[in-house]
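Annotation source TrEMBL lists compositional bias 'Basic residues' at 43-55. The domain 'F-box' annotation in TrEMBL covers 76-122. Taken from TrEMBL, the feature region 'Disordered' applies to 29-55. Per TrEMBL, repeat 'WD' is recorded for 169-210, 264-303, 343-384.
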Amino acid sequence: MAFESPQSTEVSKRLLDLGLNPDIGIVEPNLPTNSKPESLKIKNSKRASKSHSKKVIATSSGLNQSFPSDAVLDCSRSITDLPPVLISEILNCLDPKELGIVSCVSTIFHRAAAEHHAWKEFYCERWGLPAVPAVLDSGVADEKSWRELFVEREFRSRTFMGRYSMDVLYGHTEAVRTVFLLASAKLIFTSGYDSVVRMWDMEDGLSIASSRPLGCTIRAVAADRRLLIAGGTDGFIHCWRAVEGLPHLFELRGTQMQNTEFRLWGHEGPITSLALDLTRIYSGSWDMTVRLWDRHSLKCTKVLGHSDWVWGLVPHDTTVASTSGSDVYVWDISSGNLTTIIHNAHVGNTYALARSHTGDFLFTGGEDGAIHMYEIMNDDNIETRAWQIASWIPHTGPVYSLAFEFPWVVSASSDGKLSLIDVRKLLRTSKRALGKRVSKVMHLDRSTVEPPQRMLHGFKNNLFSVDIGADRIVCGGEEGVVRIWNFTQALEIERRVRALRGIRLENRMRRRKLQTEVSNKGGRNDQCSVAAKKNSVNGIWPSKRGVSGKLKA
């Protein structure tokens, strides 16, 4: 890989003026078409091979001109001669796979690619900022480079195709309508028809605490490390503030600290969906509205009206997506204006909605049992459009819930099955060139889209809610139990397999090295053995039979 510098461009022009081809290693005289050169050669000497400046071109017809030394030196420049800033910009245009390949070229590229800031962008684009690094026993943080974090997370994302163990959590007396996995705190929150919010330990599956009955069906739960909210069919949002110093964050009973528990009223119908970000609370309801609440003042700041019941919502940055009837809406949060709408996304209601971490991709599930993937494109901040990328029909009943963690889309359906769809092959990691928005989709024919990579089934009908995170899939349904598919076992197995594969590869390379050393050292010994065999045929030393024959003669 070589790049042309301005200086080499001037040299090329000088070569053209001399009648020479500026390409490296090709020199042609500027002669008429009917004439042929009598001789065209380069002095071949050891000094000429060591120094380009001593190369001389000897031609007939009085054309005896020396080859400019600076031209050869400038034209032979490689990418490593470029300024580090320019090399960094070139590497910035590569995707993770290409960047990894470049790091294997040389030590210079390995250092430049391994420490490149693009790894942080790749990681945050797929999974967001990682959790606080764990503290070792010595008290020193186990800091890893962004490249190491990316490789480790990418490796972990492939374990959902491996073995798993299943934990079944009992405690609810009726159907479970909603589950929420708070991976950063290793907690699981569930609720349903029994109107009780339960908190579980993600690691051992034990029940930590449960709330008092809230008086109605709880259809939605959301949480972060500071706030837990639950929405009921009576139109209220029940909230719990985190208690400082409490290992499991929330005191669900609220008997000791009454100021940590409160309710928000405003909806006129059952609440079907909830979400949180750093400054707002989002709630969707069958009263055909989505309400935005300020987390500090606890007041409703905006009301987004729809034409039908609201089934789901997912906020991201400055926009919030919602489903109403069979349509999908995308709203601007600051202005409250509708930026785009997807009409008739499904045949029947669009029950489920999920969104990628960057907000560029929407996943919808509906009453027709189909799952659609859309890309949200914003053309110069003027017009927002949604393009359908792919579709899957893995279920025979309505899709009630979707969850997404790169690259897996998980769906729960009334047919009692979970589908796992890997969208990695549909996407590409590309940079924005010259400030233009570039599509991140591999433009493939919809007929070539692969079916779901895995189906988890064998359970009763009506799975109402699903979530994914921390190498686990959590699901709740009509059975009244919560199921956890734990893939950490697959992670450990894959790690052992990779370690054994590395050991085998190392042993193989060691054997090859020993064989080459033995073959190099044993070359002369082989020659001596061949000579000995030839001499033994000719008979340098007379055998006993030969001696006896001569004596008889």
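Think of each number as a place in line: the chain as shown, counted from 1.
Positions of Cβ are set from backbone N, Cα and C atoms, glycine also.
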> What is the three-state DSSP composition of the repeat 'WD' (169-210), stated as helix, strand and coil residue counts?
Replying inline: 3 helix, 22 strand, 17 coil
> Within the domain 'F-box' (76-122), how many residues are helix, strand or coil going by DSSP?
Replying inline: 31 helix, 0 strand, 16 coil
>> Do any residues, 6 or more residues outside the repeat 'WD' (169-210), come within under 8 Å Cβ-to-Cβ of it, and if so which ones?
In response: 131, 216-225, 228, 230, 232, 238, 248-253, 462, 464-470, 472, 474-484
>> Over the span of the repeat 'WD' (343-384), how high is the average pLDDT in this prediction?
In response: 90
> How many of the residues that make up the repeat 'WD' (343-384) does DSSP mark as helix, as strand and as coil?
Replying inline: 0 helix, 23 strand, 19 coil
> How many helix, strand and coil residues does the repeat 'WD' (264-303) contain under DSSP?
Replying inline: 0 helix, 24 strand, 16 coil
